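**Q** Take this structure, written in structure tokens, and hold onto it; I'll ask about it next.
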Amino acid sequence: MSLLLKFETKSNRVKGLAFHPKRPWVLASLHNGVIQLWDYRMGSLIDRFDEHEGPVRGVNFHRSQPLFVSGGDDYRIKIWNYKLRRCLFTLLGHLDYIRTVQFHNEYPWIVSASDDQTIRIWNWQSRTCISVLTGHNHYVMCASFHPKEDLVVSASLDQTVRVWDIGGLRKKTVSPGGEDMLRIPQMNSDLFGGGDAVVKYVLEGHDRGVNWASFHPSLPLIVSGADDRQVKLWRYNESKAWEVDTLRGHTNNVSCVLFHARQDLIISNSEDKSIRVWDMSKRSGVQTFRREHDRFWILQAHPEINLLAAGHDGGMIVFKLERERPAYSTHGNLLYYIKDRYLRIFDFATQRDTPSISIRRTGGAGTNTGPKTLHYNPAENALLITSDAEGGSFELYILPKEAARGDTTPEAKRGLGVYAVFIARNRFAVLDKASSTIQIRNLQNEITKKCAPPCATTDAIFYAGTGMLLCRSEDKVTLFDIQQRSTLAELSTPSIKYVVWNSDMSMVALLSKHAIMVADKRLQNAQTVHETIRVKSAAWDDSGVLVYTTLNHIKYCLPNGDSGIIRTLDAPLYLTRVTGNIIHALDRDGKNRQLQVDVTEYMFKLALLQRKYDQVIQMIKSSSLCGSAIISYLQQKGFPEVALHFVRDERTRFNLAVQCGNIEVALQSAQELDDKDTWYKLGVEALRQGNYQIVEFSYQKTKSFERLSFLYLITGNLEKLRKMLKLSEMRGDVMGRFHNALYLGDVREQLRILEESGQLPLAYVCAASHGLDEEAERIGQNLTELPDLPSKTGLLMPPTPILKEDNWPLLTVSKGFFETLAAKGKTEAGGTAAANIKAVGTAAAAAASLDETAMEGAGWGDDLDLGLGAGAGPTADAEEEGEAGEEGGWDMEDLELPADVVAEAAAAAASSASGPFVAPAPGPSACQKWLEKRTQMAAEHAAAGSFSSAMSLLHRQLGVASFEPLRTYMLDLYTAAQAVLPCVAGAPCLVSHLDRSHNHEAASQAPSKPSLLYSLAQLEEQLKVAYKLVTEGKFSEALKVFTRMLHIIPLTVVEGRKEVDDVKELLAICKEYHIALRCEMKRKELREDDAARAMELAAYFTHCNLQPVHLALSLRSAMSIFFKAKNLATCAHFCRRLLELNLGAKVVEQARQVLTACEKSPTDATRINYDPRNPFDICCITFTPIYKGSKFVEDPYTGARFQPDCNGQISPLGDFVRIGADASGLLISPTQVR
């Protein structure tokens, strides 16, 4: 049977484990001396501690302090503070390996067991040993405190389990002066053992050494496991202890055994590579879990929740014995769920919870055969319950119509099938995995029809409406019509665990372990939300928002895929119903919980999404929505004008106003901030909009005289240009004066400036060119040599302005809903800005208030008159309406509307009357939409231009520390995802984003995946080139190609799992060839007198996993080198390896001749560091072998191994990954995330 695996690590052998009592952490102490701290919920390594020398066999968390204790083969006990991330102090006293360490639940004590045959109790606050327990005459394998009583249990290889009474020690310690009393007999207690801890019982019964003993958390029971392959259960009272029973089944030494924290179970593991679960009441085995290659060494049970951890040769696992999710189904106001073998019905309206019928429990405790799913049929008042018993089975119950007592048990109709769901009023479907068929049964449990599932790999079915099923297969979900036996739709998904429909069956949520897909009833318009921790349940609220839970959060998902957090959770909940701001849920104990939450955030986002702006404004006024998250969301979704209503910080307000083009609000904020940078940005935005008066004001505030002069030139304001000329003269700015004179075309002023500045030759040329002969003659008299005049001259005379306007022409558009509101707010707030800049404020107000009335006299009056006659005017309408009112035909009374509503309506009407065109707000770019998918592929982030997130992903996945080698490839990715389309002269080019999922037949398609430059086919072509270069002996060029491949592989994305395996195979090839070529190139760099080192490198070259043709070449080279150096014994080894290959006759003949010569004198003249019989890896920094069993550190990207001294260096395989970094692994396909 399989256990419910929650987390798994791969590492050196795990010898010690400890759960944190509150946080989702587990400590693992390894045989190589490292202690790892893992978050088993997130699946991430939090920290590592490696001060021990040699294996660490015991670890334990303190119950309340941020401390843990460890003991190892270096005879040291270390106390660590995980917040400070360091060892606080070390306790010395044991004389041999320390097997286990444990904190006391109440007192500042630590108990330790050691191979020096003693147990020691330490006071970690005073840092002293307060008691030595002697009596065992062999290694003490474990020792632990009783959770509540003053007892210690220990197990030893002397075949006994001892229970020690430490009541005297407690009395001494808690009494006044207790510590002083303990210091006096310290020497005697070290030698002979103290009298404050005495043996209470000696439990004898095992035939071999005992490896472990544990107390029951509440009952007077002890369980032990030994090398005699037996697990024994003991009971004790105040006067004696005795053996209760022996549990047999393990086929090798029992390593560890303990009681389950919450159930009547015993769990043991063994060197026979199995974990066994025993029923404590029946004294029999109920489950066995096996691993193929790893022996188990340690077990640990979580003190609070239903979690276990086991350490083995290749790492550790965190697991559960059975599912904790209650089986439930909601219909209308009623919740049907199973708790404690009873079907219970909970009424949401009355909060009444009543038992209905009793349910037969299949299997025993800890067998994971309880109810898995529950489906309710309201038409026939029937229930379908499925479980994993007998490989998958179901039970059909017809509920009694009258209110029944909870102890009644109606007859159940049973059958085999992994999934069963109702599909009609009196029909249900059963998936029979053995025969790969879907059976349709009636309520008498008779098969009425059979059909084949849509996919041969279908392993689950879910309800999808009357006569419809959602069928889950390996990597997709299929909408299947049972009646027509046809596939209606398919959707690629990770493995789906649960399906949740909304009330009208128009939307469906597909829940997998780490993702949620929201789609319509035809599986169209799918949106995906990825989670880093497990998704537990979901429910739709009345507004169409999906509310879901993870292990520690309640979250929401909008129909467009946007998600967020509603609140955090202390323990997982399973949602049953969401109504308004009330969430109903079941906890793991089957209790109904009701939570009140704040739904303002997601209702606000939903109103924005549905463009219900009146609701948006109401929420802004009435709620406390604020924070950078909301502001950034509004910016991202193209609503910066809405964000303006939340922001009080003037700088943020200014930036938002500039982004949405609201020049009036930006002007207000700029005046409040009043700094040069702000005025410059305001000027740039105003220039973009053509509001040159605000541009002028901004330039004046920043004293940008050159920009002001150019602005006056292009707007034709000659009067102000002359003022700028005078201002330049007052400031003594010669170049400014000359530029202004040029802009004005004032040649005489130019001459005067040139003469005053001493530039007489230039003044002469200027005068002569412009036909000022008198001035030219006068200036020429002061020159010794007249400069040559050009034959053709062009005069720098600016054109005369024809038309001068206050502002550049603007398109008349109606203001948006939020701009109108902002304008209203600005009017109410007062006209500070208008008072400070009179002309600017007047011009802005005039432009904003432009309406149809003003346009009638602007050349549009004749065109707007449609010739409907005088009666068509508003006055005529009013008169007719008045006459009708006098006859009393219609009772038209005035409605008393609130003043603020009338004002809003008037403002909106005034703004919309100015024209039918509404300028759309700029939406998010394709790059933003690519990133909205929350892809974990670094290549897609780089292609979208988000280099920082791409680098963060590469650092987390591969341990990349130097990004310079990848820079070119990342920029190429970004460039390749954009197409540039040239426009008319003078206009900027248009940039189009290339989407690799684009369908040219679709009318419209949202961007989903960026086009990528690199592919598996390109890598395979480069591999062929590299192979050819190696064959030709061009090693340096081949090394460059393999390095390029190492750089490109992390920036490649493939679709299927087979392609992932192909890329990983390419990576392994690159690693082997990279190491081999570096060895060979290193050998060629050596001096001729370093023959021993050259032979070593030639030998290492032959141990890389190369293609047969290249391996043969390396063996021939090594054979030649070793034969010439008289190392004939090793040379013979290369000859034999050559003969094992299928080579040509000439090569075989040469190898046989050399082998014959070597066998005549099989000795080595020079001793080298090379053992062909011991497998090894090559460190390509030190170029030395790492033999099997030696310590090493790894390159997390390629898996290349290095000597421990190389830890922290940059790996030479690509020069971008840090050796020994903690990384999650290469991620190049969406299939790896599932």
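From the backbone N, Cα and C atoms, a Cβ is placed for every residue, glycine too.
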**Q** When you get a sec, could you say which of 349-368, 769-788, 869-888 is annotated region 'Disordered' by TrEMBL?
**A** 869-888
**Q** Cβ under 8 Å to the repeat 'WD' (247-288), counting only same-chain residues 6 or more beyond its ends: which ones?
**A** 1, 3, 208, 211-217, 221, 223-227, 229-233, 294-306, 308, 310, 312, 321, 363-368
**Q** I need to check the long-range neighbours of the repeat 'WD' (203-244): which residues 6 or more away from its ends have a CB within less than 8 Å of a CB in the stretch?
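**A** Distant contacts of the repeat 'WD' (203-244): 138-139, 141-142, 144, 146-148, 151, 153-163, 250-259, 261, 266, 268, 270, 272, 276, 278, 280, 283.
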**Q** As a quick check of your reading of DSSP, tell me how many residues in the repeat 'WD' (133-166) are helical, how many are strand and how many are coil.
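**A** Going by DSSP assignments, the repeat 'WD' (133-166) contains 0 helix, 20 strand, 14 coil.
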**Q** Residue counts in helix (H, G, I), strand (E, B) and coil for the repeat 'WD' (247-288), per DSSP?
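**A** The repeat 'WD' (247-288) comes out at 0 helix, 25 strand, 17 coil.
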**Q** Do you know the mean pLDDT across the repeat 'WD' (7-48)?
**A** 92
